[in-house]
Amino acid sequence: MENLLKDFELQAKNPSEEALRRWRSAVKIVRNRRRRFRMVADLAKRSEARNKILRIQGQLEVALAVQKAAFSFIEADLHAGNEVASDLPEEVSQAGFEIDADELESMVYRKDSAVLQRFSGIEGIARCLSMSLDKGISAVERPPISIRQKIYGTNQYNENPGKSFLVFLLEALQDTTLIILMLCAVASMVLGVVIEGWPNGIYEGFGIILCIFLVVMVTATTDYEQFLQFRDLAKEKKKISVVVSRDGCKREVSIYDLVVGDVVHLYPGNQVPADGIFISGHSLLIDESCLTGESDPVKICSRNPFLLSGAKVQDGLGKMLVTSVGMRTSWGRLMESLSEWGDNETPLQVKLNGIAAIIGKIVLVFCVLMFVVLAARFLVEKALQNELLEWSYSDLLTLFNYIAISVTVFVAAVPEGLPVSVTLSLAFASRKLMNERALVRHLFACEIMGSVNCICTDKTGTLTTNQMTVDKVWICDEVIESQDALRSAVSEGILQILMQSISLNSASQVVEGKDGRTIFLGSPTDSALLEFGKLLGIDFSHHHLESQKVKVEPFNSVKKKMSVLVDLPASGLRALTKGAPEIILLMCDKIIKCNGEAVPLSEVQRKIVMNIIDTFSTEALRTLCLAFKDVTDTSEEDKIPEDGYTLLAVIGIKDPVRPGVKNAVRTCLAAGITVRMVTGDNINTATAIAKECGILTDDGLVIEGPDFRCKSQEEMKELIPKIQVLARSSPRDKHILVTKLREMSGEVVAVTGDGMNDATALRDADIGLAMGITGTEVAKENADVIIMDDNFTTIVNLVKWGRVVYLNIQKFVQFQLTVNASALTLNFLSACISGSTPFTAFQLLWISMIMDILGALALATEPPTDKLLQRPPFGRGMNFVTASMWKNIIAQSIYQVAFLLVLKFHGRRILNLQGPDAGSVLNTFIFNSFVLCQVFNEINCRDVEKLNVFHGMFNSWLFVTVIFSEVAFQVVIVEYLGFMANTVPLSWKLWLFSILIGSISMVVAVGIKCTNLVMHSETVKYHDDYDALPTGP
């Protein structure tokens, strides 16, 4: 089978356009193209969207060129005395605004500095928008937010309207085979009325139409439920929070609640949420490549103040004034195009499309042959009776019935539900994972997580709680563990410098909550220092009011430090820096003493500091150093010094390990998954945390990033399988580790990330996992799954769901292929031997519904169990239809066909049936037995390998509901719908015999599984005595 599916091989991430087109062209025979390809990207629309995006990018490039040319004319334009146009729409002026949405949009989109200057710069725009650049808009003063939204719009872009249930109903009716069946049914009713009269003549045709209606309703309902689940998932993906200033207070609001006039605070890794103008900031670098196609970052400052929605903050800090939102932004117009882009199909969807296509071709040949055989026998019989030229309405009805039966066998035997079952299972898993705090951005992640055998995880916030507190401080040659001891141990001057370093050199914000409590917004490390400063008695507002920040260099994972240059009223310019000890110590040549004197930092003293850092690290404390330098050279007042600092203190910050992480790591190891910790902390802290979590074993290797990246290819090949902890690592080191694990070891790698620089590792790993709380928008955008609670235990749940998705689809494939094979073989052989088929069109449609829709609902939506984490992961490239599955399919099909053919030709004698209705009873019994075989086989398929298929069955309410529904409907069809289904009521003995025949399929399954156990008894056993799934032929 795998050799026949070469055209249906697809990479999970970033598949080529050629591969996407190849498998589409290979799918020729499709019953319902609209339904089959609903969850598949429309390549034609994607091409149109790509061209539209290129046009928008071209327009932005032109605007950028115009802006550059305009700089030289701004001054002359101002001197010419141009005035601001006063022709405002009445509703704008009545609302209290002095500029309309079109002018704001045009100014920022074209980056027109001349227009900005005519409005007297950013201050003039703020005045026109009735807001304060310091305090933002007011939620209580006029004009209210609702008026702003009415005048300037909401921050939402146009999306395709959702489909109604009626649309899904119409799409389900576009099944070619069902249309043919409906035509045959109408012809059957017309001919039936002519032959048998009203109403007896319409029953059979009406029964077919009723069954088609039932199939269409169930199909449409299932598809509509999937659509609603994916719509909810899409809404979750778009939830982004931004920090704004309103009423003088900073607060987080949804990106959808952003309005023109808002003051937005921008941090590294943020996405610019709307078009706007730069207010203030430090070293703000913006990546506009997604908008303009230009890869070079753009420096935003007062001379180049325009910010475009959708751009990414690469570095620095800033504040912006929102001028345009929603569809008035360039990003809004791009997103309107991207909404038609469509997600790529998953590898399993493509593979099962391939299986359905191959089987469809085979079934079509057999169905045509079956019709030819039936028609030929009929014509031969007429010829033998010399009636070849004499045709009656009943003869025409017979031919229409042959067409209907052939088409219905095609319906029942083509596994149209295979690709749909993948979508159903993925939708079910994604919705459940959302409840378990994992947001799936790309559906293929649910599949691939079942194959993951390596997780590269961050430490902070994932393995630890991210609730940091300052535990110890080393200052003036003394380790201090409390605020009171610190105040008494150091002089007032040193305490003031420490307070300045904590309050001024910080990216976190101090705000007052609604309940009056102080809240710290920002990184946990900065927040821990501010919390410590608060306990020291720091007056944050006083420090910020009496000093002025001249320049800021925000922390990033490459520099591993944050620095700020401040102008203090008493001491002039002072540079403050903090960061990784090995970085800060290299910048220091002095150290502060208890008397406040700065003395040279000797080698002996440097070793003492390193010993203190090592001591803190072995206690699992995160260490950082604080240093300062008074700048006397005023010629360099716009540059932060890189050396000559005085070491002030070493801070030890405690970040406890999350409860349950150790058990989660142990579960991963038992599941055949290697956990590797990648952290920026020093080697001692990393080692201590890794041991506490159970990641580091006796034979594991701990290595630092700088050493790792310098290794040769051969050395890496030898070291990488042993690495369990990568300390002092940069995002580049993480990316190297991920790519080498995939290339050299062939591992399926999941990697976590939260920073902007983690984007490449997240993008190039098999599965990228972004943190929902601490993760930047750039990291989330490049991830496949967002871990909403930043918890490692959630990743383990994700693995469990990934495995159950894979297994559930395997179960359904085994079940459906069994029904396909047995239904096709039974009908074809019966037609060839006897000239008739054992099932009517109505009966075959019911069998098709059991096989296609109800089977998918039952088997593709079973929840996971903890037992799934006691077996090895699925291998990369493993055959989807395994040898065990083939054996079950073949054995069950042989049993069902052989037994029912015997009943077909010798059933009257075996069952001792006599009387005029013996034929009807026999046909009903065969139909009943076949359906019950499928019901019992459905239970068999709950576990491909294990003998006990009833384990946990009643935990899946959907499975139990479907099974009972199938049995209940079967009873109704047999006992009460005989006039439509061509059945007659059966005696209780025949019902028991049918149940016995169906239950024997479970005995057959046990025999096959026991054979597998014997054949694989010498294979390697895993920890739970679970055999690896055998590969297919």
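Including glycine, each Cβ sits where the backbone N, Cα and C put it.
Keep in mind that what you see is a predicted model, and the values were worked out from it rather than measured.
The annotation domain 'Calcium-transporting P-type ATPase N-terminal autoinhibitory' is assigned in TrEMBL to 5-48. What TrEMBL lists as domain 'Cation-transporting P-type ATPase N-terminal' is 121-188. What TrEMBL lists as transmembrane segment is 178-195, 201-221, 358-380, 400-429, 956-978, 990-1008. What TrEMBL records for 239-338 is domain 'P-type ATPase A'. The domain 'Cation-transporting P-type ATPase C-terminal' annotation in TrEMBL covers 837-1006.
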Please indicate, using numbers and ranges, the residues of the same chain that are 6 or more beyond the transmembrane segment (358-380) and have a C-beta under 8 Å from a C-beta there. 1, 4-5, 28-30, 388, 395, 398-399, 402-403, 405-407, 409-410, 413-415, 817, 820, 824, 827-828, 831-832, 835-837
For the transmembrane segment (956-978), what are the same-chain contacts with Cβ under 8 Å, counting residues 6+ beyond its ends? 207, 846, 850, 854-855, 857-859, 861-863, 924, 927-928, 931-932, 935, 938-939, 942, 984-986
Across the domain 'P-type ATPase A' (239-338), DSSP yields 19 helix, 47 strand, 34 coil
Should anything in the same chain at least six residues away from the transmembrane segment (990-1008) have a Cβ under 8 Å from its Cβ atoms, list it; otherwise answer none. 884, 887-888, 891-892, 895-896, 899, 911, 921, 925, 928-929, 931-933, 935-937, 939-940, 947, 949
Distal contacts, the transmembrane segment (201-221) - CB-CB under 8 A, six or more residues away: 35, 165, 168-169, 171-173, 178, 181-182, 184-189, 191-195, 404, 840-842, 845-846, 848-849, 853-854, 977, 979-982
For the domain 'Cation-transporting P-type ATPase N-terminal' (121-188), the number of residues DSSP places in helix, strand and coil: 37 helix, 3 strand, 28 coil
